[in-house]
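Some features that Swiss-Prot has for this protein:
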BINDING   95, 97, 120  Zn(2+) binding site
DOMAIN    4-261  domain 'Alpha-carbonic anhydrase'
MOD_RES   2  N-acetylalanine
REGION    1-31  region 'Disordered'
REGION    240-261  region 'Disordered'
């Protein structure tokens, strides 16, 4: 079975991505290390407002390098507004990044500290664009909420997601995933950092307004192990567990990280 043109191992991992995706060396790449002493408190930032309708939750899919929970995005039932955004952005999926051990796994870091995993809730600008495909490469096309996950207590809010993983063990498998409000995964405080960045895997478009929550959420060692037990191969091929899928931090190159607090 041919391997995809990118992944996370030595042959096709982040160090190699620039060969096929030159933007990998661009000026607005993500993730980044948030140096708290260099962030700028911006009083003009509004509070984040999320309004997610559980009825829009649709499907859970093993995409080979991760799994996605997808949402119906043909109307404004599940939207993100406020914060640094001047438009309304529609939720279309969320996914996680994790590492081969609990010591690392997040993509963003804070003062060099790595977290065990990271949740990304991905939205597109439905005020200006007519589809995700149209918005994906535009500078103001996407907005992603990033939530750092710290190993510790089991997080009961993750249970429904973990229970669904059995049905999507191998690449290409999908299963219905309905009646779920992902705002339950957010931390109690919505204080955030924000900066202009990119998708953290190919095509690496520099089209993302990042909103990183200051407060982390918990995940247990056992819960993380369930993420890693997913397979990146198709059914019938040799088992290749999804050990890690996190890109190293990229240089800020003059960008400012603003803080809401």
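Cβ atoms here come from the backbone N, Cα and C positions, even for glycine.
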List the other residues in this chain whose Cβ sits within 8 Å of the Cβ centroid of the Zn(2+) site residues 95, 97, 120, in sequence order. 66, 94, 96, 107, 118, 119, 200, 245
Provide the three-state DSSP residue tally for the region 'Disordered' (1-31): helix first, then strand, then coil. 8 helix, 0 strand, 23 coil
For the binding-site residues 95, 97, the largest set of other C-beta atoms within 10 Å encircles the C-beta of 97
So what sits near residue 120 (Zn(2+) binding site) in its own chain, CB-to-CB under 8 Å and at least six residues off in sequence? 94, 95, 96, 97, 144, 145, 146, 147, 200
Over the domain 'Alpha-carbonic anhydrase' (4-261), what is the model's mean pLDDT? 98
Conformational class of residue 120 (Zn(2+) binding site) under the three-state DSSP mapping: strand
With helix taken as DSSP H, G or I, strand as E or B and everything else coil, how many residues of the region 'Disordered' (240-261) land in each class? 0 helix, 3 strand, 19 coil
